[in-house]
Amino acid sequence: MFLLPRFILVSCIIGSLGFYNPPTNVVSHVNGDWFLFGDSRSDCNHIVNINPHNYSYMDLNPVLCDSGKISSKAGNSIFRSFHFTDFYNYTGEGQQIIFYEGVNFTPYHAFKCNRSGSNDIWMQNKGLFYTQVYKNMAVYRSLTFVNVPYVYNGSAQSTALCKSGSLVLNNPAYIAPQANSGDYYYKVEADFYLSGCDEYIVPLCIFNGKFLSNTKYYDDSQYYFNKDTGVIYGLNSTETITTGFDLNCYYLVLPSGNYLAISNELLLTVPTKAICLNKRKDFTPVQVVDSRWNNARQSDNMTAVACQPPYCYFRNSTTNYVGVYDINHGDAGFTSILSGLLYNSPCFSQQGVFRYDNVSSVWPLYPYGRCPTAADINNPDLPICVYDPLPVILLGILLGVAVIIIVVLLLYFMVDNGTRLHDA
């Protein structure tokens, strides 16, 4: 055991010379069972629509284009497809899920339902939406979109109540009052059905203030009732504001079943699209790469707010996004982050990805996978190391055996050489 302190000292010296195995700022995977959701920065098919035709607009290495592990669409995002007519059917499956999208719905787009609305509320909606997506994709393998069929027995049609620029809200649908309704005080219902998935993410939205019509103010009131279980989900507007009047959305995770959408005032809303969650898996944190513009455009931090441990690891560049194709496409820092998809890594943590599973100078926080056993270098000036004792002891024994073998061999050759000299 006299070798053990020496071995620890040698280990510390090695660590002080640079063998730290530090966490790296990349997204990666432990094996080939992974999937990436993205936008133009990982959309390999977008090359046919751009000039010049080259892959420098992507942050993704083109080697991965034929992997079959990417669902990306230029100009879109999962949130944008979920709520608006500008739709792309994001679909993918994997044990390890990576997200690099969200920039196509930011304060730069300035969406709000009406002139007196508030884009801040839509940024809040975005954060709440991605929180549900990230949490659930840590326990589900498969994500896709499904249409939600509904039946409304009245004659009124759905109306595009919320639109701004090229964005038109169609989820949830808004059904206007019947022609014979004297005002907005009325009860109305519609049936909708969820089937074919393990669970669904659906929107439940209400206006956050008072709606003025014909000198009267109305409060929003929306409910979903599960007719199979008797569970009711509902919201009533309680705010008195009349400016900044916009749509607050909550994102429910619901099982399959028959539902009733109910409104007691203002307008009836009913979901038309849902995130379909399928195939339960062992808990595996998702990885999210910050999705933002160059500083010349306004971005938000909602994906960072939504991505919290233990269900999510967030990766970001420390510098401004500056692309080589154009200012918003082909940034070196984000290309470096996505380069981790080219190889397997044994360990993931809040701090980053560890390339090796032996020792490290950093304790992995919220670890996943086969992670290093080293704990910490407690003093930056004096390399005082704390290691998991088992591998240290085993390595010490191996080192001791090696030293004994070397000593025996040296003695053997010394004795053999002495014998030869004596014989001479």
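Just so you know, glycine gets a Cβ as well, placed from its N, Cα and C.
Listed in sequence order, TYR57 are the same-chain residues six or more apart from ASP326 (active site, charge relay system) with CB atoms under 8 A from its CB. Sequence annotations record features per position, and here Swiss-Prot assigns active site, charge relay system to ASP326 (among others) based on sequence analysis.
In the three-state DSSP classification, HIS329 (active site, charge relay system) falls within a strand. Close to HIS329 (active site, charge relay system) in the fold, though at least 6 residues off in sequence, lie SER40, ARG41, SER56, TYR57, MET58, ASP59, GLY323, each with a CB less than 8 Å from its CB. Annotation source Swiss-Prot lists active site, charge relay system at HIS329 (among others), citing sequence analysis.
The disulfide bond annotation in Swiss-Prot covers CYS44-CYS65 (among others). There are 16 other CB atoms within 10 A of the CB of CYS65 (disulfide bond), with all protein chains counted.
In sequence order, LEU161, CYS162, LYS163, SER164, LEU169, PHE245, ASP246, LEU247 are the residues of the chain that are 6 or more apart from CYS113 (disulfide bond) and have a CB within less than 8 Å of its CB. Under the heading disulfide bond, Swiss-Prot lists CYS113-CYS162 (among others).
Sequence annotations record features per position, and here Swiss-Prot assigns disulfide bond to CYS197-CYS276 (among others). The DSSP secondary structure for CYS276 (disulfide bond) is strand.
Sequence-distant contacts of CYS205 (disulfide bond), defined as residues of its own chain at least six apart whose C-beta falls under 8 angstroms from its C-beta, comprise PRO172, GLN222, LEU247, ASN248, CYS249, TYR250, THR269. Annotation source Swiss-Prot lists disulfide bond at CYS205-CYS249 (among others), citing sequence analysis.
Secondary structure at CYS312 (disulfide bond), taken from DSSP and collapsed to helix, strand or coil, is strand. Feature annotation from Swiss-Prot assigns disulfide bond to CYS307-CYS312 (among others); the stated evidence is sequence analysis.
Residues or ranges marked as disulfide bond in Swiss-Prot (evidence: sequence analysis): CYS347-CYS371 (among others). For CYS347 (disulfide bond), the number of other Cβ atoms no farther than 10 Å from its own Cβ, over all displayed protein chains, is 22.
Look at ASN54 (N-linked glycosylation site): DSSP puts it in coil. Annotated N-linked glycosylation site per Swiss-Prot: ASN54 (among others), in sequence order.
Residue density at ASN89 (N-linked glycosylation site): 11 other Cβ atoms are found within 10 A of its Cβ, drawing on all protein chains shown. Per Swiss-Prot, N-linked glycosylation site is recorded for ASN89 (among others), and the stated evidence type is sequence analysis.
A coil conformation is recorded for ASN114 (N-linked glycosylation site) in the three-state DSSP classification, outside any helix or strand. Positions annotated as N-linked glycosylation site by Swiss-Prot: ASN114 (among others).
What Swiss-Prot lists as N-linked glycosylation site is ASN153 (among others), and the listing cites sequence analysis. ASN153 (N-linked glycosylation site) counts 8 other C-beta atoms within 10 Å of its own C-beta, drawing on all protein chains shown.
What Swiss-Prot records for ASN236 (among others) is N-linked glycosylation site, and it gives sequence analysis as the kind of evidence.
Residues or ranges marked as N-linked glycosylation site in Swiss-Prot (evidence: sequence analysis): ASN301 (among others). Cβ neighbours of ASN301 (N-linked glycosylation site) (same chain, under 8 Å, six or more residues apart in sequence): ASP290.
Taking a C-beta cut-off of under 8 Å and a sequence gap of six or more, ASN316 (N-linked glycosylation site) has these contacts in its own chain: ASN25, VAL289, ASP290, ALA304, ILE337. Positions annotated as N-linked glycosylation site by Swiss-Prot: ASN316 (among others).
In the three-state DSSP assignment, the secondary structure recorded for ASN358 (N-linked glycosylation site) is coil. Taking all protein chains in view, 14 other C-beta atoms sit within 10 angstroms of the C-beta of ASN358 (N-linked glycosylation site). For ASN358 (among others), the entry in Swiss-Prot reads N-linked glycosylation site, with the evidence type sequence analysis.
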C-alpha spacing of CYS44 (disulfide bond) relative to ASN54 (N-linked glycosylation site), in angstrom: 10
Per-residue pLDDT averaged over the topological domain 'Virion surface' (17-392), given as an integer: 89
For ASN89 (N-linked glycosylation site), the one of CYS44, ASN153, CYS312, ASN358 that lies nearest, given that the recorded positions are compared by Cα: CYS44
Fewest other C-beta atoms within 10 angstroms, as judged across CYS44, CYS197, CYS307, CYS312, which are the disulfide-bonded residues: CYS44
The one of CYS249, CYS276, CYS371 whose CB sees the fewest other CB atoms within 10 Å, among these disulfide-bonded residues: CYS371
DSSP residue counts for the region 'Esterase domain 2' (267-379), split into helix, strand and coil: 16 helix, 37 strand, 60 coil
